[in-house]
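One structure is given below, encoded as structure tokens.
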Amino acid sequence: MTIQWYPGHMAKAKRQVQEKLNLIDVVIEVVDARIPLSSRNPLVDELIRQKPKLVLINKSDLADPEATKKWVDYFEQDEMTSLIIDAQRGKGMNLIPGKVRELATPLLEKWERKGINPRPLRTLILGIPNVGKSTVINKLANKKIARIGDRPGVTKAQQWIKVGKEMELLDTPGILWPKFEDEQVGFRLALTGAIKEEIFDFQAATVFLLRFLTANYPTLLKNRYQLTELSDDMGDMFDAIGKRRGCLMGGGLVDYDRVAEIVFRDFRQGKFGNISLELPPND
Ligand code: GDP
């Protein structure tokens, strides 16, 4: 389920995250490995201020592994600690408690100096819709707790989930909205399922995708539609794919809407192979 965001929702979501943050030692931000920047809300850093943060680069099973490695370096250069995970299969998740502890070292040292008995570190999963927050919580809890597709504004008593002896996790995630900085960000969010497809122009999103694939993953694109060559002319590309897929209208004309829908769906379903839609800036 994808949420439609209006100013009222945004203000409420922000307030709810702020309230949760009061209880938190370490923030865990989940991003989509295919679009690690476009799937962040820039408010996160402003909201959490100086609190330590771990970035989980999730859905790595769908992304291009080379690009994902570059993203880890990118975050590191920005002094952010990140971990590559696949929450659906539980890959990489066993490293989370150790990283959280590492990030909380200053706090643990402060407790020690003050003679305070250490308690488990309190963490919150935070991110925009559909990046896999609930899946992460359920995997860490080892059972089904967070409803998949949990909505902001649904109040229920919050509980701490124990993750090992030294970490606790709030059972409901903090949800922020995606930013629509520019059209490209919007296309990336639509293609990866972070925003409703109905609010999107299929053809425009597909043109964006085809141009991106032509530039970055030409072989995957050719293979998918058995194309011998690619063209910069999008009309030609739509025609070629349409003919391959039998999207013809009367008079032998290609039905562009159907082509767009097919290509868009193929991407959503991972039919092209492992693709990242965003590379680190200056790469
Ligand atoms: P939330 O809105 O951030 O809580 O996201 P969900 O946990 O509801 O996940 C959104 C969708 O992404 C669901 O269909 C999940 O099954 C799927 N998902 C979550 N993590 C992964 C992952 O690592 N890999 C893949 N392929 N899908 C994932």
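Every residue, even glycine, has its Cβ placed from backbone N, Cα and C.
According to TrEMBL, ASN58, LYS59, SER60, ASP61, ASN130, VAL131, GLY132, LYS133, SER134, THR135 bind GTP; the candidate from GLY98, GLY115, GLY164, GLY174 that the record adds to this site is GLY174. The secondary structure of GLY174 (GTP binding site), as reduced to three states from DSSP, is extended strand. In sequence order, VAL30, ASP32, ASN58, LYS59, ALA87, GLN88 are the residues of the chain that are 6 or more apart from GLY132 (GTP binding site) and have a CB within less than 8 Å of its CB.
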